[in-house]
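Visitor: Structure in structure tokens, see below.
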């Protein structure tokens, strides 16, 4: 395998898409609501992630012209650039969701060449890096004290973000002009893949609405501790969808669900200096290469189960185990698992890369089902309480279930 400019383009574009997917969601779950709250379906933080996933799947599944795919990718980058300056929060979320979906779907479509496996792997590595590092990057960018910063209006444009978007556009233009993506290979569109790509984000959106209502009915603490019951619906839905898809294409969907259930790099601890962010980024790249060279999806999912189990050690004196698992093992295992599951069809790939954002909102405040287990402060104890054991056990069980389904799909003819 020769590292080419197309791989750089997809890594960078995927990273931008991953960051954008997280920016369409909210990390806060402080709701004071009553009634049916149907407005949560189109005004809540899940709406942006749902919109991004739907747009990405539709573009990847229905657009079959490289010129249109390229145009939509550039349009997505442009929308991501102007979205923060559009005013109301809901408008920004909608534009950001459409922009992220256009960019991700366009890049997935551009991977439809003879080198599909490596191109999809590069794109997936970029998206995973963006999803994993979005929280820590935001922490570094907002944690520096500025006198009276809270009383000043937010800048209309972010110079750093605009620079990254401009660089991505430039690299994409150079790659397209050079023809480095390779010869276009058209593939048959799967109706099942399109249905799965629409239904799964929709389930996540409805689940979010149901959770908002539950907070009002039973209180925040009761809703948080009962949330895992609704999360089981997502796990069952993803496994059923992967089994319904043709051949082995659903394995990457299981890898994405296992990643959601395992945890998030941003919830254990933030490093003291930004160069430490290069460590998980390098591990993502390493995992992608290893997954492409030595594909064993079940092995990667087993490693994700270890990450999920480490949530039992998130409190002193053993909290370093959890920090090490989320900062070192999670990036490597997640990237290896997804890369091992590729290549897949364009709509399934788009769905799988958008799933961590679209499905995580109703389950977790940050990426990782056990990110806050318990989700509110509890009394100081020497070890995990009963809720930590329950939530962690269910997270591990969810990852193991994905692994068993992946092992079964691996017996199907490719």
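Note: Cβ is positioned from N, Cα and C throughout, glycine not excepted.
Model, not experiment: these values are computed from the prediction.
Feature annotation from TrEMBL assigns transmembrane segment to 42-63, 68-87, 93-114, 121-140, 160-181, 193-211, 226-244, 251-268, 274-291, 298-318, 324-342, 387-409 (among others).
I'd like these features described in context: how deep, what's nearby, how far apart.
Guide: Under 8 Å from some Cβ of the transmembrane segment (68-87) lie the Cβ atoms of residues 13, 16, 20, 59, 95-96, 98-107, 109-110, 156-158, 161-162, 165, 168-169, 172, 176, all in the same chain and six or more residues away from its ends.
Proximity of distant same-chain residues to the transmembrane segment (121-140), defined by a Cβ-Cβ separation under 8 Å and at least 6 residues beyond the stretch ends, is recorded for 6-7, 10-23, 27, 104, 107-108, 111, 259, 264-267, 270-271, 274, 277, 280-281, 284-285, 287-288, 291-292, 330-331, 334-335, 338-339, 342, 349, 353, 356-357, 366-367.
Below 8 angstroms of C-beta separation, residues 4-6, 8-9, 12-13, 16, 66, 70, 73-74, 77, 80-81, 84, 110-111, 113, 115, 119, 141 of the same chain, each at least six residues beyond the ends of the transmembrane segment (160-181), sit close to that stretch.
Beyond its flanks by at least six residues, the transmembrane segment (298-318) meets 254-255, 258-259, 261-263, 268, 287, 291, 324-326, 329-330, 332-334, 336-338, 340, 368-370, 373, 381, 383-384, 388-389, 391-392, 395-396, 398-400, 402-403, 406-407, 410 of its own chain at Cβ-Cβ distances under 8 Å.
For the transmembrane segment (324-342), the residues of the chain that approach it from at least six positions outside its boundaries are 117, 120-121, 124-125, 128-129, 132, 251-252, 254-256, 258-259, 262-265, 267-269, 271, 279-281, 283-292, 294-297, 299-301, 303-304, 306-307, 310, 349, 352, 368, 406, judged by C-beta separation under 8 angstroms.
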